[in-house]
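As written in Swiss-Prot, here are the features:
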- Gly36, Pro37, Ser38, Gly39, Ala40, Gly41, Lys42, Thr43: ATP binding site (BINDING)
- 3-247: domain 'ABC transporter' (DOMAIN)
- 245-265: region 'Disordered' (REGION)
Amino acid sequence: MTLRLSGIELRHSDGTLALRGLDLNIAGGERVAIIGPSGAGKTTLLNLLASALPPSAGQLEVLGADPWQLSSKRRQRLRSRIALVHQAPPLPARQRVITAVSAGKLGQWGLGKSLLNLLHPLDVSGTREVLARLDLADKLFERCQQLSGGQLQRVGIARALYQAPELLLADEPVSAMDPRLADHTLALLCQHAIEHHVTLVASLHAVELALAHFPRIIGVRDGQIHFDLAANEVDRQHLDTLYANEQLSPQPAPDVSETPWTPRC
């Protein structure tokens, strides 16, 4: 089992209970979409699965280990097997795209190789190849500040694919893309997961994209799992209850370029 959660709760430093009573199992190679209204706890759940946040209570197992029972060094080694795609990728404005993508391997490289890569990219062909899959090969040597929000999101996805993780977590990975590009990008992510037996868990605002691309749908509301169903079992009643007093249509995408930088996990 890639992910196992039992009785998980997570309370933020201000006392807010963000996740409560979560019981969840996700097997290796599964493709799972997490949907729910804004503020439901989707991003918090993904950060928990990435071992960026510790649970306040309950049992957590990620890739066969409890991250918070490991030493710092072993936990970092575990994190090198996990990729987290942020809605607003934490890419320094003046960083070149080739460096941003190759950073996906930093957790697997030693210090010397990582420093050398900053001075002179070590795998130009490999980074170009993964960017080409996302129609960004021509942006290889451009700076991140020259890219649009949707292009930055695709660079973040390219970095995750280049990392070649066992567990790929994606937080609203296509929110800044137009519908056609979002559909194409999710299809690419899912195909990669199938071909490489990668466990893929993505949070999405666009319900129609979640239902179209993911076999399993988890509905989250108020920090709790509202339903956990096969995509073909999710009906209008499930969605109406999940999004009670909410709009099903996605909100305008944020300007990724103006989002404050956050540290990479």
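Heads up, the Cβ atoms here are built off N, Cα and C, so glycines get one too.
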Binding-site residues listed as Gly36, Pro37, Gly39, Gly41, least Cβ neighbours within 10 Å: Gly39
Using a 10 Å cut-off, grab the number of neighbouring Cβ atoms around the Cβ of Thr43 (ATP binding site), all chains included. 17
With a radius of 8 angstroms around the mean position of the C-beta atoms of Gly36, Pro37, Ser38, Gly39, Ala40, Gly41, Lys42, Thr43, what other residues of the same chain does the ATP site pick up? Ser203, Val220, Arg221
When a 10 Å sphere is centred on the Cβ of Lys42 (ATP binding site), how many other Cβ atoms does it contain? 23
Please identify, from the binding-site residues Ser38, Ala40, the residue with the sparsest Cβ neighbourhood, meaning fewest other Cβ atoms within 10 angstroms. Ser38
Thr43 (ATP binding site) - helix vs strand vs coil (DSSP): helix
